[in-house]
Amino acid sequence: MAMEAASTGKKERRSGSLQRTDVRAGWGLLTPAGIVILAVTIFPILYSLFMSFNNIQLTTNGFQFTFTGLQNYKDVYSAPLFWHSVGFTIYYSVITVAVELFLGLLIALAIQNVERLKSLSIVVMLIPWALITVISAQMWGYIYNGVYGVLNAILQGLHIIHTQVNWLGQPFTAVVSLMIADIWKTTPFVVIILLSGLQMIPKDYYEAALIDGANAWQSFWNVTFPQLRGSIALAGLFRILQAFGIFDLPFVLTQGGPGTTTTSLAMLGEETLFTNLHFGLGAAVAISTVILILGACLIFLSAFRGMVGEEAQ
Amino acid sequence: MKTRTKNWAAIVTIASTSTALLAGCGQTQSANTSNGSASIAPKQNTASTNVVAPTHLVNYSNASGSVVWAESFTTGPVAKQLVSAFEKKYPKIKVTMQVQPSSTDTNRADLTATISGGSATPDVYMGDVIWPAQFAHAQLAAPLSDYLPKSFWNRFSNGLVQGATYNGKVYAAPLFADTAFLYYRKDLLQKYHLPVPTTWEQVKSEAATIVKKGGAKYGFVWQGADYEGLTCDFDEYLADAGGSVLTNGKASLNTPAANKALGFMRSLITSGVTPKTVDTFQEPQSENVFTQGQAVFLRNWSYAWSDSQNPASSKVVGKVGVTALPTFAGHGSSGYSTVGGWDLYLNPHTKNLAAALQFIDWMTSPQAQEILAANSEMPTIKAVANSPSLKKYSPVFALLPKVKFVSRPSQTPQYPSVSKAIYDNVNEALAGSVSVGTALKNANSQINSAQSGSGSGGL
């Protein structure tokens with residue numbers, strides 16, 4: 001009896017005070033991570049925002065700021081090159097992400113159904129994703145090279161083309177070549193996310209579908225796809241975020257050319273900041289990119305809202 | 001509603017990461033900008049420069065302490081050789097080397113971040129010859145002419161000091177120079193009984209003949225990619241045609257001369273003398289085609305000579321000749337070559353001014369310049385550059401008296417944007433996606449808006 005009372009009393013005290021301790025411990029545990037995020041993410045963004053409203057002069061005493069309001073944004077938005085970069089970044093992102101999601105889904109379904117050597121096929125598939133982009137881009141540079149490139153050699157050997165194609169030196173082929181290199185590299189990332197989604201679908205669903213007489217297409221459309229929508233949304237969201245920051249592939253393969261054809265927003269921002277040393281304009285480009293990414297994610301999420309909501313529950 | 005808030009939070013967090021990524025881009029670039037990009041005084045400026053008198057003359061004859069030197073030699077032990085020779089002569093000064101990224105643009109980003117952040121080191125750094133105006137304007141370089149006697153600047157070859165001057169003050173000491181030459185296959189010219197060309201028209205017709213007769217796969221290779229090197233190539237044709245990028249500070253690419261220059265470059269491609277992939281070629285790609293024995297002519301910097309004579313990477317050892325760049329018919333005996341090279345700059349935050357100045361002084365002395373010449377770098381001081389013994393180091397040095405120099409319009413702090421306006425549009429015309437006239441018109445207006453120094457010209 002006495003013990004019981006004691007234990008109940010303890011329990012009651014627990015529910016009150018320990019909750020507060022939990023909260024305190026929680027904040028304590030969150031603080032280090034919070035400080036890191038504050039230092040490397042929130043502070044740079046706020047600082048960029050501040051920079052974008054100023055004309056910035058480098059002096060021996062560091063930056064000298066002159067508040068100019070929206071002038072940097074006006075200047076950026078009146079530059080045709082900025083709008084060209086926005087256009088390129090958007091259509092590049094939309095096409096590569098769409099193709100990657102489609103191909104990624106096919107590959108994930110294929111690997112899911114492989115009986116033997118499953119882990120080996122996952123490892124092989126992951127190689128493009130694991131390679132550092134700058135290095136794999138150099139490799140693609142050898143493939144696409146118009147004079148001693150592998151691709152021309154193969155196509156000429158097969159008599160598909162008769163003269164060498166200047167893959168990276170023509171606007172249309174340059175964009176397509178970049179897209180192919182991008183899709184090759186990042187589809188494995190989509191596959192991994194979709195594969196984990198596939199593995200979470202309970203087997204009974206398929207058994208039930210089978211009993212109901214569903215064929216392969218019906219069971220995919222009515223069981224797999226609805227169950228996978230959350231994973232697709234997740235993979236798509238991550239890919240959009242990355243695709244909008246596209247930098248390394250065009251930087252190595254085309255330097256943004258021919259002309260300015262493949263100049264992405266990230267390249268434009270980098271060049272404005274670090275080559276031209278126009279920090280205010282560069283910050284305005286960076287902040288505009290963030291706003292664009294936010295917009296793209298909102299559009300994508302609202303298109304997938306139902307699915308994500310479902311998954312969350 | 002809750003989901004909505006969560007979504008927002010997620011988006012904000014992820015979006016912030018992407019800004020951080022964007023901001024971090026400057027550090028992650030790699031690529032291989034060759035050191036063949038740089039420049040000096042406009043071709044019309046041959047007179048000696050008027051340097052303003054020093055304001056804080058420093059006596060460094062007894063300097064001691066330590067100096068950090070940021071060096072960006074891409075190859076070889078030359079930096080080490082220089083430092084040990086210096087320390088032997090000035091035992092009271094210790095020099096520490098800081099190796100910089102080999103990509104010129106990454107190097108600039110790194111130095112900008114370090115010095116604008118107030119760091120006292122590196123005390124002395126190597127920088128491209130097209131940087132003085134931009135670095136002076138941003139106060140990333142100290143005005144050397146404030147500390148060094150006026151007589152100091154007499155040692156340099158004509159035009160070099162002018163190239164390092166901004167608003168009357170000199171911000172850099174020329175360390176070594178570089179310029180372009182025409183490399184040719186002497187065996188092929190001999191085989192087909194053709195003379196060494198002295199005009200661009202000749203280069204084109206001889207190359208076409210040899211390719212037609214099966215002597216080589218390609219006629220003439222050069223640098224046509226979308227980067228600084230294309231500005232160098234274009235400026236040479238432009239100067240040969242009698243034009244210049246700027247006239248009285250305004251863009252002047254809407255001229256017949258500019259039309260002739262770019263029209264000729266494009267015609268090299270359309271006539272098949274130059275492979276159409278040249279619009280993706282930087283120095284290594286064009287050099288590779290030549291050293292693999294696939295091209296008759298190559299336009300490249302002085303280092304291509306030793307590369308072409310290296311049996312490990314070249315199939316044309318002993319078959320290569322080199323001459324000054326040609327010009328257009330009726331425009332003289334030889335053409336203009338872009339001036340490149342590297343200078344020594346002084347960090348305005350240095351804590352050891354006297355020792356740093358002593359180091360700069362010695363690096364531009366005959367002893368150091370001889371070491372550079374022995375490593376195939378072109379000396380910048382008259383005493384060594386004009387010495388007849390120079391040609392023993394490289395046959396390209398023997399051609400120097402024939403070379404006419406042209407500089408890129410780098411005397412404005414907005415030079416990177418000006419140059420981009422040139423190479424973006426020229427590259428587009430080479431790719432054939434716009435006409436020569438449209439490309440020049442666009443370049444012209446972009447240069448003018450870049451030069452205004454404010455507004456969207458800075459993009």
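In case you wondered, yes, glycine gets a Cβ from its N, Cα and C as well.
The annotation transmembrane segment is assigned in TrEMBL to A:27-50 (among others).
Positions annotated as domain 'ABC transmembrane type-1' by TrEMBL: A:86-302.
According to TrEMBL, the feature transmembrane segment maps to A:90-111 (among others). If one looks beyond the transmembrane segment (A:90-111) by at least 6 residues along the same chain, the residues whose Cβ comes under 8 Å of a Cβ in the stretch are 118, 121-122, 125, 175, 178-179, 182-183, 186-191, 193-195, 197-198, 220, 224, 228, 232, 235-236, 239-240, 243-244, 246, 264, 292, 296.
Per TrEMBL, transmembrane segment is recorded for A:123-143 (among others).
The annotation transmembrane segment is assigned in TrEMBL to A:172-195 (among others). Same-chain residues lying 6+ beyond the ends of the transmembrane segment (A:172-195) with a Cβ under 8 Å from its Cβ atoms: 88, 92, 95-96, 99-101, 103-105, 107-108, 111-112, 122, 125-129, 131, 133, 136-137, 140, 144, 165-166, 228, 231-232, 234-235, 238-239, 242-243, 246, 249-250, 253-254, 257-258, 261-262.
Sequence-remote contacts of a segment are chain residues at least 6 beyond its ends whose Cβ falls under 8 Å from one of its Cβ atoms, and for the transmembrane segment (A:232-253) they are 89, 92-93, 96-97, 100-101, 104-105, 133-134, 137-138, 140-141, 144, 168, 174, 177-178, 181-182, 185-186, 189-190, 193-194, 197, 262-267, 270, 289, 292-293, 296-297, 300-301, 304, 307-308, 311. Positions annotated as transmembrane segment by TrEMBL: A:232-253 (among others).
Among the features that TrEMBL reports, transmembrane segment is placed at A:273-301 (among others).
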Cβ contacts under 8 Å made by the transmembrane segment (A:273-301) with residues that lie 6+ beyond its boundaries: 45, 48-49, 51-56, 58, 63, 68, 72-73, 75-76, 82, 86, 89-90, 93, 233, 236-237, 240-241, 244-245, 265-266, 308
